[in-house]
Amino acid sequence: MSTVDSPPAPASRTTRAAAATADYLDQRTGVGNAVKEFARKIFPDHWSFLLGEIALYSFVVLLISGTFLTMFFVPSMTEVHYHGPWAAMDGVQMSEAFASTLRLSFEVRGGLLMRQIHHWAALIFMASIVTHMMRVFFTGAFRKPRELNWLVGFTLMILGLLAGFSGYSLPDDVLSGNGLRIADGVARAIPIAGSYISFGLFGGEFPGMELIPRLFTVHILLIPALILALIGLHLLMVVLHKHTQYPGSGRTDKNVVGYPLFPVYVAKAGGFFFVVFAVIALMAATMTINPVWNYGPFDPGVVGAGAQPDWYMLFLEGGLRLMPGWEFVIGQYTISMNILIPGVIIPGLLFTVLALWPFIEAAATGDKREHHVLDRPRNAPFRTAFGVAYLTSFSILVLAGSNDLIATHFHLSINDITWTFRVLFFVAPPLAFWITKRICLSLQRKDRELVLHGHETGRIVRFASGEYIEVHKPLDAHERWLRVQHEPRRPIEIEPAEDSRGVRRKGYRLDAAKRRLSKLFYEDRVEPVTPAELVAAQSHGSHDALPLAPEEHREELTAGASGSRHLAPEPEDTEGTQRH
Amino acid sequence: MSTHHDPSTDLTTRDGAPLPERFEDPGLHEHRARVGDSDPKAQKRAERQVVVLFAISILGSIGAVVAYALVPPGETVGSMRMSNLLLGLALFLGLAGIGLAAVHWAKALMNDHERAEDRHPTATSEPVRVKAVEALREGVKDSSIGRRGVLKGAMVTSLALFPLGIAVPLVGNLGGDWDVSASKRTLWRRGVRLTIDPSGRPIKASDVTIGSAFHVIPENLEEAEHPLDEKAKAVVLMVRMDPRDLKSEQGEGWSYDGIVAFSKICTHVGCPVALYEQQTHHILCPCHQSTFDASDSAKVVFGPAHRPLPQLPITVDDEGYLVAQDGFDTPIGPSFWERLT
């Protein structure tokens, strides 16, 4: 680029002014150190790293549009009679919260746009958090040293859910009011303290007069402040650890390859903020969301058919819909398993496993090293399969949360749909696990195949002997490196239960449990091609020297595998596949 | 002969040296130049494109101000949507122009040479750690906390207790009067008329035709101290069927000539069970699809609810209006721990 090599131009007025400002700031803050450290900091480039950025930017959009809304929204449950431009609601009794939402939509210019921007941004915020988490999960970016940052991100996801629910409830329309009623029902199902928790939330009986003002404080102050603080921590740790990078030539655990923060990422990431904001604005301009003027104000006796919560709440709703009506009484006390299981226990389990995953996997690998090069999902078959199974159960709950819409759209019986989902909830995740794991192992085998035998060229050669072969083109060093760079993961080895004198070793049980976990993760595996294997394959093909190589290679494998199943193709097979 | 040994990918094995355990990283790809890197015309073109994108943004932002001034939301949904659409599209252009310009600039014009930077282990070096531990140890020694157990205990206890001064009043006030038994009581008692929700008009038994469903509130609802709270417990769904279809009821004589009334609050998590299917006499909760059979004591026939909807015993007064014989005999709505106490 010309700008890099051009000789220093005589200082222009702008340059001199910039220098003077920089000098002023540096003398008072010592900012020079930070600029020197960060201005040219390297960040790797990949589209999937943008998912987290979308979350960050949609949060900024939420702050901007939310501030606009607070200027006109009245968080009060005082009943008023509506008189305004929206004739359908003329004279209807409603809370001030709902009336001010109508005013925002009909009378405040740009108010509806900001409401719709706010709502769409919230949906995108949650969606990008979830997909960003999926990216981090499937590429193993949560491994040491990033376990704590995974927890920070997890907490941000939970806070996002709370922010969404508390905001959704503020307009005090029929839909959100019934959502709160469901929340009240779930709170009351909690043993012993349930009624008191409900009273504590609502300031007395449902719906009371307190809830909207309380939710407002939670929604505009508490949760955003926590989210903001944790985002700061999240990004600080990204800078501390330096960003992970996808595997490829030249990329190692000891370096980071990419472009400098200034100017490339200032432009790209800064520009991307505007792109995200623009897309949200376009959605808000063209797609109606939450038209509360059609729903009407909350009334405890009214409900709409086909009502759906926002997408990120559907899994809870789906659980409530699927659960059979189990409830039992001990002595005089009622325990509602029909609410506790889908409302508390299942989400509790799902979230706990998610939060603890980095630590579970660390126990299985026994690996204490830092990892900065990401995994290709196929190279971690158990993790990938587990993630897909997890998403499958989540998706079934989401779909079950829309079972009434599925029934009306596809003209199916709601009872059949519910029963289908009840069965699928148990059957589909293991099936998804098994299929995904097989796919991962197959992809790894395909990688081996490619490395050992190269690309098919479609060129057929006939030998003097009359033999036909297809010419294969070997991979270049970069292509090959991508497929062999990962370390084989094997189940951990542990010391025997008894030492040489037959004394039982302390801590053996824990080790044995870790070994079992480790076998579960890594017993089925395909290992990357080693140079010896490649040489063997090549010499096989060309009837060349090194006749002993395959034999050595086989010994090596059995020694390394130590009794576990080993799925690397045998050398004999390689010959077969080579000469088809 | 299937593999042609091209020297760049060949392994150095022929001379009999031992093979490495793993392949070696071939190092970074060679940089591939963009068209604009060598072609000044292409570079100029990219620059013009960036300028045009910024110009679109400027026009969009001006357009937003114009749309604000000229297109008010108006009185109808149509005019409101138009105002929203124009303002939103202008905002979109104002933002997208900047975003795309910046990204295009970065991709087409800025230096695109990848660089590598070293990473250092996250943990600090051993000498730093030793110094850190030493600093803490000195601090602990200076504070002499190690030797003064009582002081330590007193400090921990006082720190643990001080939040109580804030938390107790906060939590104590959150629940209002904390009279949780209120959720077991409704406005229904002997002689209270059934009236139509929301008009409050009393209902004559003779006006209730077979197959019809009424959404009902108690007549004294508006006089209650907190009408909305009371309504949330007292709403009732009343239906009339052919008396011969009525298989059972929760108490003898609780219906009136085929008219049955049930609490409208679902026994699952409390949504109003507002859907009545007159052929099957099923009452359906639209939230989670719990289904109750109105002809059979509102027993659960499907879905996550466990208990039937409580039945309101009804009869008619001297003027022929429907009235409650008594209140509900069980708490309405979702189950809770002390429901039966």
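Positions of Cβ are set from backbone N, Cα and C atoms, glycine also.
Whatever TrEMBL says is automated annotation, not expert-curated.
Quantities reported herein were computed from a predicted structural model and do not represent experimental measurements.
Per TrEMBL, these features apply:
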- A:570-580: compositional bias 'Acidic residues' (COMPBIAS)
- A:21-247: domain 'Cytochrome b/b6 N-terminal region profile' (DOMAIN)
- A:248-442: domain 'Cytochrome b/b6 C-terminal region profile' (DOMAIN)
- A:537-580: region 'Disordered' (REGION)
- A:50-74: transmembrane segment (TRANSMEM)
- A:117-138: transmembrane segment (TRANSMEM)
- A:150-170: transmembrane segment (TRANSMEM)
- A:216-240: transmembrane segment (TRANSMEM)
- A:261-285: transmembrane segment (TRANSMEM)
- A:339-360: transmembrane segment (TRANSMEM)
- A:380-399: transmembrane segment (TRANSMEM)
- A:419-436: transmembrane segment (TRANSMEM)
Worksheet item: Hey, which of A:150-170, A:216-240, A:261-285, A:419-436 has the most Cβ-Cβ pairs under 8 Å against the transmembrane segment (A:339-360)?
Response: A:150-170
Worksheet item: Considering pairs 6 or more residues apart, do the transmembrane segment (A:380-399) and the transmembrane segment (A:117-138) have at least three CB pairs under 8 Å?
Response: yes
Worksheet item: Under a Cβ pair cut-off of under 8 Å, which of the recorded stretches A:117-138, A:216-240, A:261-285 contacts the transmembrane segment (A:50-74) most often?
Response: A:117-138
Worksheet, complete the sentence: Counting only residues at least 6 beyond its ends, the same-chain positions whose CB falls under 8 A of a CB in the transmembrane segment (A:117-138) are 48-49, 51-52, 54-55, 58-59, 61-62, 65-66, 69, 150, 153-154, 156-157, 160-161, 163-164, 167, 276, 280-281, 283-284, 287, 289-290, 310-312, 354, 357, 375, 377, 383-384, 387, 391
Worksheet entry | Distal contacts, the transmembrane segment (A:261-285) - CB-CB under 8 A, six or more residues away | 38-43, 50, 53-54, 57-58, 60-61, 113, 116-117, 119-121, 124
